[in-house]
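Please find one structure pasted underneath; my questions will follow.
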Amino acid sequence: NKQCLSMAAKNEPVSVNEKREVVKNEPTFRNWIKDDKTAAFEAEPNRYHLYISSACPWAHRTLVVRKLKGLEDIISYSSVDTFLDMAKGCGWAFSKSYPDPHHSHFTHLKDVYRLSDPNFDGRVTVPVLFDLKTQNIVNNESSEIIRMLNSEFNRFAKNPDLDLYPESLRSKIDLLNDEIYSKLNTGVYRAGFATTQEVYESAFHDVFQILDKLEIILSESRYLADNNKLTEADVRLWTTLVRFDPVYVTHFKCNKKLITKDYPNLYGFLREIYQMNGIKETVKIDEIKKLYFTSHRHINSTGIIPLGPDVDYDLPHKRDN
């Protein structure tokens, strides 16, 4: 299927450029929900739906913020199938186990994209924030989606006073986000998808340079931007950390150190957020491992899923001492 094959490399949050380096795929839809009756996309309960992959760290961010803000009854979500079929190239799929709850005849997430643009042939990525009223995609950029969830639904949220992007910390959060994104969030992908030793080693050093730096920060502060305040910078780090030992150490060859063995403060931080009310429900380790180890056959040709490691996320985190 030529149509499917043309989209084969467009379903991951990152792709390989002409220099054989991994870069983030740019989102296509950049509309904004506002708590304003005059807005094209007004904040309303039960109007919006999140399409996610439980395995994708970018999509996982939106579930975590949705849970932290208490928007479970306001914004629905569903997951695409865990297996990303790179061989056939049709990308994120729906299945009997992972159906589209709003369009039962849809077979792939690209069908949702084509509701907004019938001729769409661009990058099909998760997460997708979808407007059920107009049947259009609002936004498919995770960093913007989590800010909308943080600020625009407070009238309906169970935790409206939680502000993950407070005015007083924005410059610090932005700096943290930029460095963590370039060296860690995408750094593990640059290492894992590298096709030359030089590109791999550059990414590898970036990953552990930033992990070492974050370990020091978290040895002196409970959270990244403020000792007493959880922010979006913590969320954006955390969804990569929770995948690090189970996947990135082996699958992406980031095997210098383990979070669980070599970074006591990062491990405590990882456990603390995991143990926050409802967050562990968003973590699907088996699905995470299945996506990476079975879908990336150019890295793991056999598709065998490792049984380990055993990580105890429920150990007391001791971050409140």
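Positions of Cβ are set from backbone N, Cα and C atoms, glycine also.
Taken from TrEMBL, the feature active site, nucleophile applies to Cys56. According to TrEMBL, the glutathione binding site annotation covers Trp92, Arg123, Val124, Thr125, Val126, Glu141, Ser142. Marked as domain 'GST C-terminal' by TrEMBL: 166-292. Per TrEMBL, the feature active site, proton donor/acceptor maps to Tyr189. TrEMBL lists Tyr248, Tyr292 with the feature site 'Lowers pKa of active site Cys'.
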Using the alpha carbons only, what distance in Å do you get between Tyr248 (site 'Lowers pKa of active site Cys') and Ser142 (glutathione binding site) once rounded?
21
Rounded to an integer, what is the Cα-Cα distance in Å between Val126 (glutathione binding site) and the residue listed as 'active site, nucleophile'?
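Here the two Cα atoms lie 8 Å apart.
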Calculate the distance in Å between the alpha carbons (Cα) of Tyr189 (active site, proton donor/acceptor) and Ser142 (glutathione binding site), and round it to a whole number.
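So the alpha carbons of Tyr189 (active site, proton donor/acceptor) and Ser142 (glutathione binding site) sit roughly 17 Å from each other.
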Rounded to the nearest Å, what's the C-alpha distance separating Trp92 (glutathione binding site) and Cys56 (active site, nucleophile)? Just drop the number here, would you?
11
Using only the Cα atoms of Trp92, Arg123, Val124, Thr125, Val126, Glu141, Ser142, which the record gives as binding glutathione, return the largest interatomic distance in Å, rounded to a whole number.
17
Look at the recorded positions Trp92, Tyr189, Tyr248, Tyr292 and tell me which residue has the greatest number of other C-beta atoms within 10 angstroms of its C-beta.
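Result of the Cβ crowding comparison: Trp92.
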Can you give me the same-chain residues 6 or more apart in sequence from Ser142 (glutathione binding site) with a CB-CB distance under 8 Å?
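Correct list: Trp58, Ala59, Arg61, Thr62, Pro127.
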For the domain 'GST C-terminal' (166-292), what does DSSP give as the number of helix, strand and coil residues?
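Secondary-structure breakdown of the domain 'GST C-terminal' (166-292): 96 helix, 0 strand, 31 coil.
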Cα within 10 Å of Tyr292 (site 'Lowers pKa of active site Cys'): which of the recorded positions Cys56, Arg123, Val124, Thr125, Glu141 qualify?
Cys56
Counting every protein chain present, what is the number of Cβ atoms, excluding its own, within 10 Å of the Cβ of Val126 (glutathione binding site)?
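Here the count is 26.
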Fewest other C-beta atoms within 10 angstroms of its own C-beta: which of the recorded positions Cys56, Arg123, Thr125 fits that?
Arg123
For the domain 'GST C-terminal' (166-292), what's the mean pLDDT in this predicted model?
98
Have a look at the binding-site residues (Val124, Glu141) and report the one with the fewest Cβ neighbours inside 10 Å.
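Among the binding-site residues Val124, Glu141, the sparsest Cβ neighbourhood within 10 Å belongs to Glu141.
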